[in-house]
Amino acid sequence: MTHEEHHAAKTLGIGKAIAVLTSGGDAQGMNAAVRAVVRVGIFTGARVFFVHEGYQGLVDGGDNIKEATWESVSMMLQLGGTVIGSARCKDFREREGRLRAAYNLVKRGITNLCVIGGDGSLTGADTFRSEWSELLGDLQKAGKITDEEATKSSYLNIVGLVGSIDNDFCGTDMTIGTDSALHRIIEIVDAITTTAQSHQRTFVLEVMGRHCGYLALVTSLSCGADWVFIPECPPDDDWEEHLCRRLSETRTRGSRLNIIIVAEGAIDRNGKPITSEDIKNLVVKRLGYDTRVTVLGHVQRGGTPSAFDRILGSRMGVEAVMALLEGTPDTPACVVSLSGNQAVRLPLMECVQVTKDVTKAMEEKKFDEALKLRGRSFMNNWEVYKLLAHVRPPVSKSGSHTVAVMNVGAPAAGMNAAVRSTVRIGLIQGNRVLVVHDGFEGLAKGQIEEAGWSYVGGWTGQGGSKLGTKRTLPKKSFEQISANITKFNIQGLVIIGGFEAYTGGLELMEGRKQFDELCIPFVVIPATVSNNVPGSDFSVGADTALNTICTTCDRIKQSAAGTKRRVFIIETMGGYCGYLATMAGLAAGADAAYIFEEPFTIRDLQANVEHLVQKMKTTVKRGLVLRNEKCNENYTTDFIFNLYSEEGKGIFDSRKNVLGHMQQGGSPTPFDRNFATKMGAKAMNWMSGIIKESYRNGRIFANTPDSGCVLGMRKRALLFQPVTELQGQTDFEHRIPKEQWWLKLRPILKILAKYEIDLDTSDHAHLEHITRKRSGEGAV
């Protein structure tokens, strides 16, 4: 990367103008995207305009199109909805309306349009672009614009960001707003669960999503619902019979409640709608259960955006500006979307076409095709749901294997969800599943018991670790561990935990040379708030911790905004890993985030103080600085606080907050529940396969490197990687992987906080095609 290229990003937008609008239904996280578009646009030297009230504002012009400033997008990151307003616009559907919109853009010299909305809004934008030259011709003929203006605005660049709570847009794994909508739904489901258990009730919950069952499907996975109705996969013709049998079976197993999730577009095989009332009447009539219906409605669109949506919106906004400014008359209108944790650019019309194909397939009752078109992520969710909710464990355990599940390290939200799915998938496969209490220590002491189906009932939504977890490593107690492996006939180990789970795995590999009993397959599922396990881009529990930090930062910023001229220094957890500090910095709009991976000196601290001094001269009179707990042994939180207090005398005062163990607590977020559930299922499927492969002469013998793995999410796929192969990628002294993907997001944090830095554009997304993405390895 040459210095010239580095510098190019800062001058990329000079002489250009970008307009940003939000259209269609609002979604949480739209404000994060608007803020990123405005700030990165200004950073590149472009002028940026707000278009208020969506396409209606574009058509009406006047005060609806206003130039944005750096400060005009301050304090909007944590707000739900869209601050610049949205409207469903009839005028823009007519050519006359689009002509007026073109006139309003040309007069302001705007040739770049960033549209944040659903598929309808994006299709409208593409139509507008394809007609652009004709519209200019008409305006010239009518004498409304000069030839010079027409030449200057000869082509229109369009980039779309998908903002929709339904996640119904093909080509992106997550749309802006989906994660926050899931947060709202899960909060409600958790609240309803307690009342349902008290009265032994059945609840039928109707969630939004139009013709897409994503919200309903993920909700049912995240709360362990008994049944889900989604439009893409209508139930079989005798579903009434199956549903009632399933509900009464659950009650027989000792459950005090039933939860049924219905997508608002749910239909049967003949395309006839299935309503919540129909289901309620059926359950009351056939089973006589006390049944209530709750329609969640617009609650799902409201509230604060989750950390995931704020980061997604910010990343997509940055990418959108780059795509617009790099655009030429020949580049097609594109959508910036998410694949795994990678930002990708896809041709807008290809995505719209596939989205329409889903609707068409459903109308033609080709449900299998509709499911495939929704993408790998959707299909994986559906497969895991079907296994957990509809397959019964076999009665006989003949030819079964024994697998033990344990937690290692510090507690992390989502551990219990991973244990639940591991245990249940194991039972479904006909295995005996044992649970080990208190990690490797419990394995050595024999704190082991068999788990049945209902042992893990209701665990998905519970935080912490119900099995108990310890940081103890196995090496010291190999003899006792080997004895217990023989005593309980353990043939495979699923280890759910943080860095200790990984190092424990390495020790088990080492111990195989001495103890034959340790020659059994094992798999590590990364679960730690620090997100520092080699071999995985994400760990179970990190998303929950991130949201906890985010909520706290929002409250602290609000306090600072009230007092004025105040800077807060907040210390986050994570050991030496700066993931939480960096991502929370992005999600909470921090001015700086100090981390171990990016060494800093006293000069950097001084520069940050200078930066805050300048900031206090603007209308935004507050500061937020995050510091990872082990970023530097000498520049402690107290040191930074004292430095800021001294240097800021008379200009701002400082306060400090150490967040501590609250970051490990709380009920798991939908992302962590879902991720943990799928990781558990995937791990158990792998385990069954490898046990069969390692079965020789009546016993298990696994001593190959690939029989001890970490299951991790890498870019776009879930992969099993031998722990021994990951050794070279690990910095053991600081307990972090040598390469971390999220470090590439650090410059975004600095630009959004108004630092003059060089932006490396070499890693920006390139245009891909949707067909390739669908056939490639899917994300979780």
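Don't overthink the numbers, they just go from 1 along the chain as shown.
Each Cβ is built from the backbone N, Cα and C atoms, and glycine gets one as well.
When Swiss-Prot records R88, C89, G118, D119, G120, S121 as binding ATP, the matching candidate from G25, G29, G177 it lists for that site is G25. Substrate is bound by S164, I165, D166, M208, G209, R210, E264, R292, H298, V299, Q300, R301 in Swiss-Prot, and the record lists one more residue there from R201, R256, which is R201. Site extent for substrate: the farthest pair of Cα atoms among S164, I165, D166, R201, M208, G209, R210, E264, R292, H298, V299, Q300, R301 sits 33 Å apart.
Taking only the Cα positions, the spacing between R301 (substrate binding site) and C89 (ATP binding site) is 20 angstrom. Neighbour density around each Cβ, counted as other Cβ atoms within 10 Å, peaks among the recorded positions R88, R210, R292, R301, K557 at K557.
Counting every protein chain shown, the Cβ of S667 (phosphoserine) has 17 other Cβ atoms within 10 Å.
Every protein chain shown contributes to the tally, and the Cβ of D119 (ATP binding site) ends up with 23 other Cβ atoms within 10 Å. Residues belonging to the region 'Interdomain linker' (391-401) score a mean pLDDT of 79 in the model. Proximity of C89 (ATP binding site) to non-local residues of its own chain (separation of 6 or more, Cβ distance below 8 Å) is seen for S23, G54, Y55, Q56, V59, G97, given in sequence order.
Neighbouring residues of the recorded ATP site, listed in sequence order and excluding G25, R88, C89, G118, D119, G120, S121, comprise S23, G24, G117, G124 (Cβ within 8 Å of the Cβ centroid). When the alpha carbons of S530 (O-linked glycosylation site) and S164 (substrate binding site) are compared, the span between them is 30 angstrom. Using a 10 Å Cα-Cα cut-off around G25 (ATP binding site), the recorded positions S164, R210, K557, S667 reduce to S164.
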